[in-house]
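A.B. asks: Okay, so Swiss-Prot annotates it like this:
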| type | residues | note |
| --- | --- | --- |
| MOD_RES | Lys5 | N6,N6-dimethyllysine |
| MOD_RES | Lys5 | N6-methyllysine |
| MOD_RES | Lys10 | N6,N6-dimethyllysine |
| MOD_RES | Lys10 | N6-methyllysine |
| MOD_RES | Ser11 | phosphoserine |
| MOD_RES | Thr12 | phosphothreonine |
| MOD_RES | Lys15 | N6-acetyllysine |
| MOD_RES | Lys15 | N6,N6,N6-trimethyllysine |
| MOD_RES | Lys19 | N6,N6,N6-trimethyllysine |
| MOD_RES | Lys24 | N6-acetyllysine |
| MOD_RES | Lys28 | N6,N6-dimethyllysine |
| MOD_RES | Lys28 | N6,N6,N6-trimethyllysine |
| REGION | 1-43 | region 'Disordered' |
| SITE | Lys37 | site 'Not N6-methylated' |
| SITE | Lys37 | site 'Not N6-acetylated' |
| SITE | Lys38 | site 'Not N6-methylated' |
| SITE | Lys38 | site 'Not N6-acetylated' |
Amino acid sequence: MARTKQTARKSTGGKAPRKQLATKAARKSAPATGGVKKPHRFRPGTVALREIRKYQKSTELLIRKLPFQRLVREIAQDFKTDLRFQSSAVSALQEAAEAYLVGLFEDTNLCAIHAKRVTIMPKDIQLARRIRGERA
């Protein structure tokens, strides 16, 4: 129950306080939202930290295979039409792409921490790439 500011009042008689106690008891026994229980919510950041631990423990690929394969084929079409890929080649490309992204996000996080922030921003990614020498 939310706290409210209490002001001093004159007591008018013996019956008023008893009535007030009865209403308080009734308020406590019945939920304020009409019997509908609110779903449990974790504090901001708790779920994010849990997900970080979960994904740092795991080794499986995080990008879905078919969308990544479509992207690879779409990019390859710009260089040569009717290219064929072995499934192991697409898997190797996906492993390399995910390893690159994980490393980039690690460096990006360090840039954000260096700027005394916990939230990464596009400028952190740009700085990380610039320091790596990927982008002049």
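Glycine too: its Cβ is placed from the backbone N, Cα and C atoms.
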A.B. asks: Whole-number Å only: compute the distance from the Cα of Lys38 (site 'Not N6-methylated') to the Cα of Lys5 (N6,N6-dimethyllysine).
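C.D. replies: About 25 Å separate the Cα atoms of these two residues.
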A.B. asks: Give me the Cα-Cα distance between Lys37 (site 'Not N6-methylated') and Lys5 (N6,N6-dimethyllysine), rounded to a whole Å.
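C.D. replies: Pair distance, Cα basis, whole Å: 26 Å.
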A.B. asks: When the number of other CB atoms within 10 A of each residue's CB is tallied over all shown chains, which of the recorded positions Lys5, Lys37 has the maximum?
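C.D. replies: Top count of Cβ atoms within 10 Å goes to Lys37.
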